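Annotated domain 'F-box' per Swiss-Prot: 11-59, in sequence order. Annotated repeat 'LRR 1' per Swiss-Prot: 14-39, in sequence order. Under the heading repeat 'LRR 2', Swiss-Prot lists 157-184. Per Swiss-Prot, the feature repeat 'LRR 3' maps to 190-209. Taken from Swiss-Prot, the feature repeat 'LRR 4' applies to 211-237. As annotated by Swiss-Prot, repeat 'LRR 5' applies to 322-353. Taken from Swiss-Prot, the feature repeat 'LRR 6' covers 354-379. Marked as repeat 'LRR 7' by Swiss-Prot: 396-424.
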Amino acid sequence: MSKMKDFGGGRDIISDLPDALIGHILSFLPTIEAVATTVLAKRWKPLLSFVHSLDFDDSLCLHPAKTNEEKRTNATSFMRFVDGVLALQGNARINKFRLNGKHIINERWVLDWIQNVLKRDVSDIRLYVSSCSDGFDSSFYHLPPEIFVSQTLVTLIIMFEGDINISVGREVSLPKLKTLHLYHFKIKLSTFNKLISGCHALEELMMINWKWDESSEPEPCFVTIYLPNLKILEYCRFERYDEANDKVSLLFHNPKVVYLEFFDSIADRYQQVSFGSLVEARLGIRLTYDQVYNHLETEYYVSSKEKSNVTNLLTGICNVKILYLSDETLEVFGCCRDTIPVFSNLIELTIQTKPHIIWKPLPAMLNNCPNLITLIFEGMHHIYSDRCEDEDGCLCRYPTNFVGGVVARPCLSSSPVKVLKILNFGEICDVHEDDEDDDDDDDDEDEEFVYCLRE
């Protein structure tokens, strides 16, 4: 009993712990809360040097601001706070540096912070930075080249809405890097190849909303993604710069990838597409503005070379089991439905529909999925055309036999599909309505549809 009383008798037990252990405990708190402990006693202030994980979030630090001047003052205060913590820690080793900054007024400060933590053998960098700049055409900030020769980095996630220009030195060496996420960036094709070739251990690669830097590039341009340990790949290029793909030849050879997201225009050439272990893929192939412009009625023009390119891409992923096709991909399939390969392993297919998309390629796709079990439609929208008056030309129209009975479509009656799901069932789509309003309506419709299924 005496020991129990000694243990809980109002003593400051935490302060009796070793400094390194206290620092480890503080590392699990948001950094602003860890810093707040320095007011407890003089002894606590130097303990910040033992905090090996820094987590800065300006939403936890800033007071609500009404005017732009107040917002700027708050943002400056937050950035000085980060500066102060880094200075207080000196050269102490750090494992993780995370920054969630929605009101950053000067991205160059952030680049300085990156250099600071790189010198301290950081293994995990995660930056989510919103910018005050006006869109994607703003000046591109250069990441410090030291970041691409780090011998300790395991995770690197950088999302700069103010845009990043990636340039590297003579070599790229990231021997321990397993996770790389890059958002809103510009890069030369030669630099991209050098970056990928220096990440031999990479297991997860995400590249979102980015563009090719076309300056001083030879033609044709070859882009190679060969990562033997890669398991997750998201390759989503910025739509506004589709013309830069006209001279790009892509090579994908990733035998261990199980999940793929690919959103891009049709490349000049798919030299090789190999995903031997692919389980799930989300595909968003889109037509360029020139291809859309050269349309005839509801058929869009693509050359025989572009048709072949699409076929090569699809052949490289045709062993997939779960596939999502965007509405734009369905549009592209309409131009090359006669060359769609067989998806022999596909068991679940999701189709996104929009009011401006035709369904003509869908029968060809279904006929090439011999083991399909689940078919999912995101909405039931399609464009109205002259073919909708033709019983043999529109998938959504029920043909009738000579006695007036309804006959199932051959592509549906011969399909092995056992489960049909329709998301947003009964949705009335008005292309003039705001997306936010549509989303609200979708929620209600989904709930009503689920209720009907349970009945």
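Each residue, glycine too, has its Cβ placed from N, Cα and C.
The average pLDDT for the repeat 'LRR 5' (322-353) in the predicted structure is 90. Long-range contacts of the repeat 'LRR 5' (322-353) within its own chain (CB-CB distance under 8 A, at least 6 residues past either end) are made by residues 263, 266, 279-287, 298-302, 306-308, 310-311, 314-315, 359-362, 364-365, 368-382. For the repeat 'LRR 1' (14-39), residue counts in helix, strand and coil come to 20 helix, 0 strand, 6 coil, using DSSP.
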